[in-house]
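Novice: The structure under discussion is supplied below as structure tokens; questions concerning it will follow.
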Amino acid sequence: MKTLLLALVMVGFVYLVSGQNRTCHSCTGTVCFKLEECKEGQNLCFEWKIIGDLFGMKTVRGCAKTCATPGENEKITYCSTDNCNI
């Protein structure tokens, strides 16, 4: 009986968690306070930077569906937990 109850609780938890969208920081610039709820299917947060930008002014953060290949002098970091791209 306890096993059945535990199984039902686990199924309910997985169902509830799977329906939530990812939340990522979304902004341009060094300091980022704005949070964005990502669209369905966008399960990654990213931080895109220009290499050699000393002050971090060319930094973009947001949500992504897939990983892109960085161009020359670019660095893109991806993560898959809420608010991980700070």
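From the backbone N, Cα and C atoms, a Cβ is placed for every residue, glycine too.
Okay, so Swiss-Prot annotates it like this:
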SIGNAL    1-19  signal peptide
DISULFID  CYS24-CYS45  disulfide bond
DISULFID  CYS38-CYS63  disulfide bond
DISULFID  CYS79-CYS84  disulfide bond
Novice: Taking the Cα atoms as reference points, how far is CYS45 (disulfide bond) from CYS63 (disulfide bond) in Å?
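Specialist: That comes out at 5 Å between the alpha carbons.
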Novice: Using a 10 Å cut-off, grab the number of neighbouring Cβ atoms around the Cβ of CYS45 (disulfide bond), all chains included.
Specialist: 26
Novice: How many Å lie between the Cα of CYS38 (disulfide bond) and the Cα of CYS79 (disulfide bond)?
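Specialist: Distance between the two Cα atoms comes out at 13 Å.
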Novice: Using DSSP, would you call CYS24 (disulfide bond) helix, strand or coil?
Specialist: strand
Novice: Give the three-state DSSP assignment (helix, strand or coil) for CYS84 (disulfide bond).
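Specialist: The residue in question, CYS84 (disulfide bond), is coil (DSSP, three-state).
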Novice: According to DSSP, which of helix, strand or coil covers CYS38 (disulfide bond)?
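Specialist: Reduced to three states, the DSSP call for CYS38 (disulfide bond) is coil.
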